[in-house]
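Comments concern the structure below.
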């Protein structure tokens, strides 16, 4: 590989952006259902009821509320995630005493992905806050928590700045970090383990699109099963902070357990797991193929 670190970082960043775009376009309706059910579990008894009610009340467009910030969030997150993933792989090689070009084990790749996710969380938190608020604006008005909703990205951004200042975009940052760091250990670990299974004796970079998509989907399932309750708490904090100051992670977590029970922490899990396979499969397929194409182009010069 003749690429220098700067070119390699640019390739990883661009490939990550392509993966993030594919992820959102594939899974946005299920993500909307997930956030609605997490934040207002008493309004929806299940996924089907959530889909039917949303369609009746606001139509098909209701499932795509927050798509613009979701695209920004996922492009930003995955660009930073995969760019930092390459750097963190080098750090892991240094820590364990491997050569710069040595192959990492699946466990070492999982650790590198976990480290990289901490950087991605810093760009993800503000955009995800805007996305979650747009997705649940209708429910916030129905429940009487707010009197007037905001229907555009700019109106939500303006309201955050007016009410809480720039730091208002980081409501739920601690929850985001608590989700991302362990979650991406399982995400990259599950992805690499699955690729190892499919590759057998072949190099992993020779896998076709179906094994890549299945591996990506498996990684997504591993992530959400591991950290879903943390994501539920994060969504509550980011959405309900529209109506007033919320308790921190532990306070919100304790309130949900005390008032709604442990199963409330898993509200919306079904659409999340349904979404995880196609969305994360598309993410890794777009990432791996765009990265491979760019690397081949660079190597020809």
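Quick reminder: no glycine exception, Cβ is built from N, Cα and C everywhere.
The repeat 'Solcar' annotation in TrEMBL covers 7-91 (among others).
What TrEMBL lists as repeat 'Solcar' is 104-197 (among others).
Each residue in the repeat 'Solcar' (207-293) gets a DSSP state, and the totals come to 77 helix, 0 strand, 10 coil. Annotation source TrEMBL lists repeat 'Solcar' at 207-293 (among others).
Each residue of the repeat 'Solcar' (104-197) gets a DSSP state, and the totals for helix, strand and coil are 78 helix, 0 strand, 16 coil. Per DSSP, the repeat 'Solcar' (7-91) is made up of 75 helix, 0 strand, 10 coil.
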